[in-house]
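**Student:** Structure incoming, see below.
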């Protein structure tokens, strides 16, 4: 009794025999017998359920039932008061429902429920189901027999023996329930684990509503095993006469009986249906309950009278027989249940009213009745052996027949022999049927009948040799207490009880064998799964090890390449530094040499210019002397002195102007020479830098090509390893799928074979049962005929011949009727066989179709999986190749970018230097011009002042001369009047000529100065145009080189536009050695420093007439001042195009 430990949390410590007094037997549930009992401490009436605890029994279902009852606290669920253990029996005290179950009511009264009664019962059951479903409980055995009524008309749900507990989000995968009320998704759990939930109870509710309306469930005329095959493939059942019912009732049943559980409504949703909302209260059921109680009371009284008569006739021997029969028939009305995964449920449907009239089934069993004929003797009844239970009932019937026919003639004796032979044949066929049933149930392993519970509740005097105190309170103790116990059992009920007892023993053995087989299969499957998992793990480990080794090798190669690259970078940077220092030294030496040469040339030119000036001065002095001589002759001494002074000033001014022009020319030549030297030096430096960059880029390209080759080789090796691993995994998966497919096909074939065998065995058992019934009817008819003959023989002894003739005629008639009945019976059997063969064929075809569909689906899944894996492998391989090409392309692009940026830097430095030179020139040239203008203004002002002074002196001299002449006139009025007038005229003429000469010389001086300034400006403009043209040519060459490199890259770039797996990645190109550290101003080497990875601001340089900017007319672009460079060089994939091209 080790399993009783599972019940300890729910079991009380009191003695149930002292707590309860049993009044009568009410019914039998899925686990035990239910009695009406009185709780002695309080005097309350309760329902006491007594269950026999066998050692072979599993207690999980008992624990589940008690746990659910203990949890539930609702008005529509049977209340639970407690549980106790006494010996090997469990006592469960629950609420007593005196109204009985709904099936008992409509079976006993032979009247189905009307629609208003059904609506009330439906509403109350829905309330109970709603509570259960909210607490995650599935009833799984909802039917009319499990819906109880109290005496006041309250509806209660009972019998949780096969219920299941759910988690919040889980579903069940067990095959439990009663076949006629079972949902399709629950039936499908026979072979495949199909999950189901609380919606299964809604289907059962719909079937119970049809049961209440029609007094039997749908498909009740079919055997329960056949129903299991037909429910999943048939349309949902409907009411037979739908015209007699309301639309709401029909619609409610349709919403319950949806084959798809997702379309089925919940209990809370169904409570809002108009069929339920418009119901009346429990007063609807009061009439039914009162009728049923009256019927039960009358039945109990009749049973008591029959017991008294039989007890007076039989005596002590019959009491002993009754006790033996109670032992054998204690489980006669147990429900046949379906068991899967160790749980039970009832199989057989309740009989219809017509069947109950003929057979007398489904009566309550508080009493066991035995009918015996008054003519049976005590010797024949006492001589019966109680070793085998099944032949016992048959032998009793034969003894009664022989006792009735004792005194007849020889013909009657022969007939009696025939009847005894038929009875023995029926007994043997019954034993055969039990054997066949055992074989059929051992083949399937899914269907059993739970009838072994009544052994402990049918009145054993002692259990396993224990004392009388340990036995449970039963009908015997009730009889001793003075309560009436009626015993009414027909011969058919006894035979059924015997069959159930035999079948229960067989079922237990079969269940044990099935469980052992299932355990073995599970162990084998677990071992196979473990082996497969081990193989998979080993493969995965090998693949991971290979992948890690390859990754390590590739990482080591990359590290070596990076180290070499760093070393090469360092060497290149050192070489570049050394080259730059050498270039700087050379440039400085060249500049110093050129400056010395220029200074020497300038000195020589100055000397030559001075010599020329001296010669010109000598010539002019000679000319002036000649002129002075002429003037001296004609003019007075003072004027000659003034003129000489004036000529000296003019000479000095001319000499200053010539010196200024010569100095300007020399300065401009110096500037031009310096500019040419600087441009040549820059050009040489740029050439050297471009050559170095070209050499560095070629080295880098070679290194990248080598890296790419190494990476491609690594990828190829990695992909070969991956292919091998994938092939191995595919082969493993194929073998596993083939193995699983073979196992499934074998399992399905075995299942088909077992199902066919079960079906054939059921057919044979049904045929045998029908034959037995037919033979029993024949024997009854024959008995009646013999009784009539006996009476006629007693009454008319003299008319033997007439009686013989009548007997022959009746015999012939009886043989004819027998032959016709046999023919009809054979035809019925043939029809039944044809129908069953058709059902079997359809079922086999459907199962074969399912097998084919499953095979096709598995093959499709395998093919799709292989295709997906191939596609993934191909895409990964192509993607890796494309990534390599893209990386190569990006690296090339980065190198080109670096080249372009370096060229830009060089060009920018050149432009900056040119702009600085032009600015210096611009600064120097206007300063010289302003100095010249100032000097010219000063000289002109001085000349004007001298002119004014000369004119004043001339005027003063003229006045003095006039005064002298007047004095002379006064002295000698008449001396030389003509000579004075002539002298005045000559003097005026000379003054005019001198002023004109001075003005002409000044005008010529201005013209010369303007011409020289214009020529200087024109030369500066030409020089600037040359510089700009050179710059534009350089830019044009750079742009053409860039375009060529772009075209080369485009021709070499991979075509990855259509690949959707490419992601946009940032280019990580290697940077060339930077030239920022050694770039300085013009005096040192090259100009301002720049960074290779950023956009630069370019400045424009131009000189106008008075310091303005000049826009070149060439097609090549001149970059404006303070403006970002418009080239972005973005490598956005998969387009592989520059965003902004020139």
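The backbone N, Cα and C atoms fix where each Cβ goes, glycine too.
Below are the features listed in Swiss-Prot for this protein:
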ACT_SITE  141  active site, proton acceptor
BINDING   26, 27, 28, 29, 30, 31, 32, 33, 34, 49  ATP binding site
COILED    716-1050  coiled coil
COMPBIAS  300-322  compositional bias 'Acidic residues'
COMPBIAS  323-336  compositional bias 'Basic and acidic residues'
COMPBIAS  355-365  compositional bias 'Polar residues'
COMPBIAS  371-390  compositional bias 'Low complexity'
COMPBIAS  421-452  compositional bias 'Low complexity'
COMPBIAS  467-477  compositional bias 'Basic and acidic residues'
COMPBIAS  541-554  compositional bias 'Low complexity'
COMPBIAS  555-588  compositional bias 'Basic and acidic residues'
COMPBIAS  597-635  compositional bias 'Basic and acidic residues'
COMPBIAS  744-760  compositional bias 'Basic and acidic residues'
COMPBIAS  939-969  compositional bias 'Basic and acidic residues'
COMPBIAS  1068-1091  compositional bias 'Low complexity'
DOMAIN    20-276  domain 'Protein kinase'
REGION    300-492  region 'Disordered'
REGION    515-636  region 'Disordered'
REGION    744-768  region 'Disordered'
REGION    939-974  region 'Disordered'
REGION    1040-1142  region 'Disordered'
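Looking at the shown structure, what environment does each listed feature sit in?
**Tutor:** A coil conformation is recorded for residue 32 (ATP binding site) in the three-state DSSP classification, outside any helix or strand. Within 10 Å of the C-beta of residue 32 (ATP binding site) there are 25 other C-beta atoms, taking all protein chains into account.
Using a Cβ-Cβ cut-off under 8 Å and counting only residues 6 or more beyond its ends in the same chain, the compositional bias 'Low complexity' (541-554) has close neighbours at 710-711, 714, 717-718, 721-722, 725.
Listed by sequence, the residues of this chain that lie at least six past the ends of the compositional bias 'Basic and acidic residues' (597-635) yet keep a Cβ under 8 A from its Cβ atoms are 643-644, 647, 651, 655, 658, 662, 666, 669-670, 673, 986-987, 990.
The DSSP breakdown of the compositional bias 'Basic and acidic residues' (939-969) into helical (H, G, I), extended (E, B) and coil residues amounts to 31 helix, 0 strand, 0 coil.
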**Student:** Can you break down the region 'Disordered' (744-768) into helix, strand and coil residue counts using DSSP?
**Tutor:** 25 helix, 0 strand, 0 coil
**Student:** In the predicted model, what is the mean pLDDT computed over the domain 'Protein kinase' (20-276)?
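**Tutor:** The answer is 84, the mean pLDDT of the model over that range.
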**Student:** Which one of the recorded positions (28, 141) has its C-beta surrounded by the most other C-beta atoms within 10 angstroms?
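**Tutor:** That would be 141, with the highest Cβ count within 10 Å.
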**Student:** If one looks at the chain holding residue 34 (ATP binding site), which residues at least 6 apart in sequence have a CB under 8 angstroms from its CB?
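**Tutor:** Within the chain, residue 34 (ATP binding site) has Cβ neighbours under 8 Å at 25, 26, 27, 28, 47, 48, 49, 50.
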**Student:** Once the DSSP letters are reduced so that anything not helix or strand counts as coil, what is residue 26 (ATP binding site)?
**Tutor:** strand
**Student:** Whole-number answer please: how many Å between the C-alpha atoms of residue 32 (ATP binding site) and residue 141 (active site, proton acceptor)?
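**Tutor:** It is 16 Å, counting Cα to Cα.
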**Student:** For a three-state summary based on DSSP, what are the helix, strand and coil counts in the region 'Disordered' (515-636)?
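**Tutor:** So the region 'Disordered' (515-636) is made up of 120 helix, 0 strand, 2 coil.
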